[in-house]
Amino acid sequence: MSYDYDEVEVPADGEQITADDDGSLNVPETPIIPIIHGDGIGQDVGPVAQRVLDAAAEATGRSVEWMRVYAGSSAREKYDENLPDDTVEAIKEFHVAIKGPLTTPVGAGFRSLNVALRKKLDLYANVRPTYHLDGVPSPVKDPDAMDMVFFRENTEDVYAGIEWEAGTDEVQQVREFVEDEMGFDDVMHENPLGIGIKPISEFGAKRLVRESIDYALENDRDSVTLVHKGNIMKFTEGAFRDWGYEVAKEEYGEDVITEDTLWDQYEGEQPEGSLVVKDRIADNMLQQILTRTSDYDVIATMNLNGDYISDAAGAQIGGLGIAPGANFGETRCLAEPVHGSAPKHAGKDKANPTAMILSGRLMFEYMGWDDAGQLIGDAVEEAISSKQVTYDLERQIEGGEKLAASEFADAVVENIEELA
Ligand SMILES: NC(=O)C1=CN([C@@H]2O[C@H](COP(=O)(O)OP(=O)(O)OC[C@H]3O[C@@H](n4cnc5c(N)ncnc54)[C@H](OP(=O)(O)O)[C@@H]3O)[C@@H](O)[C@H]2O)C=CC1
Ligand SMILES: O=C(O)CCC(=O)C(=O)O
Ligand SMILES: [Mg+2]
């Protein structure tokens, strides 16, 4: 196969992951995997996570040929742009990739490159499994009760970036349309004001909810909860809830029961092996994850709610340094931690690489490398439970040994070699 990239060097060794028409992946023993190290602490956690993933691959008789691709500051240096076509094309072509965080300026400047990647690659499900690792300090009494998997719609909502800046002709045009043509003539305060639009489609909602139910059924989970603010945003978040229930009722037959049916037919006692689909209003849900943690399992929600709730849930299992994630589309995966580029900690070799390492675990699992994934999880847990931790956990663990990001990765690699 020949590739036509401007700046990306395709490794001479290694093979491409390919996909069949039925959506199954063909993963060679030496796959080429694109990696974006990321901005800010991405410079620290990206390369060291790569080292841990190498060790796990090697310990299970495989190897990864990494292919550096660029976005954010690294792309500005190489290409003088934020998100080169090379990067998008490489991830498209090679199917499975991993990235560190990318910085987005607040209030002005370019739009999120993270969102752009998800949209351009149609990675519609942002999946964030949130579970407690042995030995990780947590602000809650029973951190093990947190074992949720967040499915966040990744391509629409106010996150899609349809908005107009205060003082522009465009915002005035939209204002006049909304007031004069649509009849909302007594709703907005006087200028200056900014306006944004929140698109939520049946297509987007249904494919996300479908993905979450499939996951729940395959993994013997007890429930999928649709999280929305549909009492207020009736035709967007309320519609998401309604479309979600439609998928559950129309596409899964008796495999799935709704919470209403659970009460009407089973007096609230969930039948063994069943999957219940329920819904909760988003503000209530943010307290329920703390007060009734074990009642929730798989969560399906829209882009902005999913962003907020996954950081909040991450705090319950020890903070953002620990929380992994991955974006999925048809035959594609782009793994990335929940956290951002944490600029104040950048370049100090101190940020916790666990979230990036465990995102790599998700990527390996997507590739069918479950044994390598398990090894990574065990090796990380072993390091943390023996109190070898980075600054974020050390400040909460009595007698903890504070390690640099690279030293923590060394400890995990050592554990991988011992456990293998
Ligand atoms: N997917 C992506 O690429 C994302 C990008 N971003 C972008 O990142 C930038 C910074 O965002 P910000 O709101 O500060 O959120 P961040 O997630 O970058 O950081 C917030 C805080 O979380 C803690 N933290 C985050 N990551 C780690 C880690 N690996 N190890 C230890 N602690 C960690 C730190 O807390 P403390 O200082 O208390 O130790 C840090 O100050 C923004 O430009 C934002 O747009 C944000 C989220 C996701
Ligand atoms: O794109 C960004 O800068 C922020 C995105 C974010 O917070 C997230 O996806 O969790
Ligand atoms: Mg976020």
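Every residue, even glycine, has its Cβ placed from backbone N, Cα and C.
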Inset, instruction - May I ask you to indicate which of 1-24, 169-192, 385-408 is given in TrEMBL as region 'Disordered'? - result: 1-24
Legend entry - Spatially closest candidate among Ser112, Arg128, Asp307, Tyr391, Arg395, the listed binding-site residues, to Lys141 (N6-acetyllysine) (Cα to Cα): Arg395
Inset, instruction - Specify the count of other C-beta atoms within 10 Å of the C-beta of Arg128 (D-threo-isocitrate binding site). - result: 27
Inset, instruction - Using C-alpha positions only, work out which of the recorded positions Lys99, Asp307, Asn352, Tyr391 is nearest to Asn114 (D-threo-isocitrate binding site). - result: Lys99
Inset, instruction - Express the distance between the Cα positions of Thr103 (NADP(+) binding site) and Asp307 (Mg(2+) binding site) as a whole number of Å. - result: 15
Inset, instruction - Would you mind reading off the Cα separation of Arg128 (D-threo-isocitrate binding site) from Asn352 (NADP(+) binding site), to the nearest angstrom? - result: 17
Legend entry - Sparsest-packed among the binding-site residues, when each Cβ's other Cβ atoms within 10 Å are tallied, from Arg118, Arg395: Arg395
